[in-house]
Amino acid sequence: LGAAGNPLVSATVDCEGDTDTFEKVKSKRSHKRKRDAAEVDMRPEETVVAAKRPQFPALSGDQLTGGTAEMRRVPVPAHRYSPLKENWMKIFTPIVEHLQLQVRFNLKTRNVEIKTCRETSDIGALTRAADFVKAFVLGFQVEDALALIRLDELFLETFEVTDVKPLKGDHLSRAIGRIAGKGGKTKFTIENVTKTRIVLADTKVHILGSFQNIKMARTAICNLILGSPPSKVYGNIRAVASRAAERF
């Protein structure tokens, strides 16, 4: 027993101590195994939590603008008063019912005023309504201008005949005549081939359509202003239109 003194001493000390309470000695190996198993169990949950994206509720138009109402004013020239009065309900209805905006015609300033309200849900509705009214004021039909509200990726472009070539007098009149054609035939042909709408107002040219189509129509009109015969312009735009159709 003297050689194995240490275990004997420890056993004697344990027996002399409090024998009513025994503490269970945990093995380090079993504790480590349990800890590893717990870590393995936790890993999939941790990855799931990390993979989740934060969910934020959609903000209303009133919250996006910070509760302040925005307004746009579109000036109306004198020669468009009568058409505006005749087509007011056609303009008023889509702006109020579909875009949830407020609109009025200010008789003092001669402006169409468009304003957001609490019911406005789309933050881009104000810009669409302003473009719609502007297109009508420039001379487009209500049905054509309405496409600016219903469709995306539609634009308005305006330029003057004298921007392309500085013409004066009869030369300017002939250039405008070449764009219009006999009875408006050339203008209608360009519109149908390029799928745009064109308004000729004195020396100004207004084009309504998509970006690519406006580019085609503008090129055709510029060629006519510069003196190209209509037959050559027709051939060019038909070739470009057929290539665009094949591409899409």
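Glycine is treated like the rest: Cβ placed from N, Cα and C.
Annotated features in TrEMBL:
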type: COMPBIAS; residues: 26-35; note: compositional bias 'Basic residues'
type: COMPBIAS; residues: 36-46; note: compositional bias 'Basic and acidic residues'
type: DOMAIN; residues: 153-226; note: domain 'K Homology'
type: REGION; residues: 26-47; note: region 'Disordered'
DSSP-derived helix, strand and coil totals, residue by residue, for the domain 'K Homology' (153-226): 44 helix, 17 strand, 13 coil
Per-residue pLDDT averaged over the domain 'K Homology' (153-226), given as an integer: 91
